[in-house]
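These notes are about the structure you will find just below.
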Amino acid sequence: MIKDKDSITGSFHFVYIVTLIVGTIIQFSDESEFTVDMSNMNLTHVPEDLPPKTKILDMSQNNISELHLSDMSYLSGLKILRISHNRIWWLDFSIFKFNQDLEYLDLSYNQLRNMSCHLIRSLKHLDLSFNDFHVLPICKEFGNLTQLQFLGLSATKLRQLDLLPIAHLHLSYILLDLQGYYAKESEKGSLQILDTKTLHLVFHPNQLFSVQANMLVNNLGCLQLTNIKLNNDNCQVLIQFLSELTRGPTLLNFTLQHVKTTWKCLVRIFKFLWPKPVQYLNIYNLTIVESINKEYIHYPKTALKALTIEHVKNEVFLFSQTALYTIFSEMNIMMLTISDTPFIHMLCPPPSNTFKFLNFTQNVFTDSVFQSCSHLVRLETLILRKNKLKDLYKVGLMTKHMTSLEILDVSVNSLEYDRYDGNCTWVGSIVVLNLSSNILTDSVFRCLPPKVKVLDLHDNRIRSIPKPIMKLEDLQELNVASNSLAHFPDCGTFNRLSVLIIDSNSISNPSADFLQSCHNIRSMSAGNNPFQCTCELREFVQSLGQVASKVVEGWPDSYKCDSPENYKGTLLKDFHVSPLSCNTTLLLVTIGVAVLVFTVTVTALCIYFDLPWYLRMVFQWTQTRRRARNTPLEELQRTIQFHAFISYSEHDSAWVKNELVPCLEKEELRICLHERNFIPGKSIVENIINCIEKSYKSIFVLSPNFVQSEWCHYELYFAHHNLFHEGSNNLILILLEPIPQNCIPSKYHKLRALMTQRTYLEWPKEKSKHGLFWANIRAAFNMKLTLIAENNNA
């Protein structure tokens, strides 16, 4: 029963995994079919093999001239269709009757002149602009587009009631292309645009503005005009055109794009708009032509809060700088932005100015701007980014009287500070200072606003942050990325620092003390530095790992080893080095303990396996073999009849006869024994001497029994005098059993000396050692020795 349950569970898991995989494949398949981009492919018709599940289809920038029902009928889930920039000249909206989910339809920049009115009620964005319609292509069916938010149209003629069918709709954006608009001088167009939040009108880019039409718009919040070309004569035409559009109290944002005008006409536009309810005036891509002369303007009380002028081209080369700059410096608004212009200066405004925000990005301002200007007391933000400022000291002096200034951006200039007295003058109210992308060095820390909280010094030439710098007790955020710093700053200098950005410097061996001492740090970015992955970095990596998820930005991808070569490119989180290799004391102690343990272990093993005995026996075997090879064979070829004479005690005869003699004779050695080789009739001593003289070697089997034998001692006494002399190589001593030194009688001093000076062979009790013992015995004999025949009568 249990086995059946396991089988069912395994089958369920298998089905679940297969279902999950199949579902994932289907999901990826749906995503791949969801969006189809076939733009800019030189198509002349809609492809027939589009995926049926397509929801977003882009066929813009092609050569398609017609759309048919069969092209769209099978795309039932289509929501977005972009088919702009083609050659479609006729459109029957009934081709979309099977596309009931269609919300976004872009047909702009085609050649449409006529179309049917069977619209899809789900449309939210319909763009028919930049086509060839003579009048606005609005029919009564447009009134059913209750979800419509964006409507783009084109027309060459305006009629007052053209937009009546959509009068009840609350549109967010109407784009009206009037590039082809034309009306006779006696005719004056009229259009009632009842309700929209944003109205964008596009005129012909190369023709003087000449549209004379009355437009009435309710609830208009944003008005945008594109392609305005003016001179002194037709300037009033534009002002008259704007009179009705700017009348309503809801118009807050007015934008002019691609404007080409005279200076005089521009000033007239300012005079016209100043009393209007417009709060934000934007002019982009402004070109000034003909001449720039002094214009008198008295700015009345205005609702305007901000004027933004970007991308100015001045085609007037000789003009009065004062005439130009006075118009802007005397404006009674809070925010003024003039960027990307050839302006080289700006005048100090009058005492009555209301400027709180000035942005002069990407101009040609120099250090002389606003010097000795004491009227900008309300200014809170000053941006002089991308200009020609060079002296940081003069920048500080410029702010002297800006008592409300909090934010100053002078980045991307050529600022330097080479003074060494540290006597900089800054207004004390600055809390945010951007000095990035200049050529400042370490000395910049002697010339900073004392109350600054946010300081940006990235992309400069700072090599170190000197310790004896001015106190920046309020500094909370410091950006010193892309410099040449080799170390982290000292938190003792910036004790309130909470955000530090120090990416892309020259920090190779940062100290872990920084993270431990800077308790207020809540965000730090220190990636893309050339970290040297050695022992010194180990503690820093451990510190980063403990706070990485909460504090360290870009961890771990931006933190990589730069050296040594074998670690190059390794993430710091994957860099591991053992504490043993980094701590010399610990390493020495570890090595010492290891050596001691090894020594004790080897000693114990030597004692346990009797290794000294083996070594001693091998040494004896080596010495014996060497002596046997070095003895000339001719010296032995005299009267030698035996390979060895064996002397032993009768008590040890069993071992001699059962062990020693059989082993030697098995090697074809001739052995001399007293019981079989002594000559009857001769004395024992005479037989012993005679046998020793006729034997190549003399083997003495020593044991306590040998020492206790009285008669043996007496007879051996004479043999000692003849044979036991120093340097003799014919003597082999076998210690059958241990003999204490005190057991050897004093009269056998020669035997005592031999046992002390000569190496003797010990008979091992362990059977495993017998092989080495016999190898030592055999090594003492020259197997090539030729013996003479035994003569018993000798």
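Note: Cβ is positioned from N, Cα and C throughout, glycine not excepted.
These features come from TrEMBL:
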- Cys348-Cys373: disulfide bond (DISULFID)
- Cys424-Cys447: disulfide bond (DISULFID)
- 640-781: domain 'TIR' (DOMAIN)
- 12-29: transmembrane segment (TRANSMEM)
- 586-609: transmembrane segment (TRANSMEM)
Model confidence over the domain 'TIR' (640-781) (mean pLDDT, whole number): 75
Site with most surrounding Cβ atoms, counting all protein chains shown within 10 Å, from the disulfide-bonded residues Cys348, Cys373, Cys447: Cys447
Nearest-integer angstrom distance between the alpha carbons (Cα) of Cys447 (disulfide bond) and Cys373 (disulfide bond): 21
Spatial separation of Cys424 (disulfide bond) from Cys348 (disulfide bond) - C-alpha basis, Å: 22
Cβ atoms near Cys424 (disulfide bond) (within 10 Å, other residues, all chains): 19
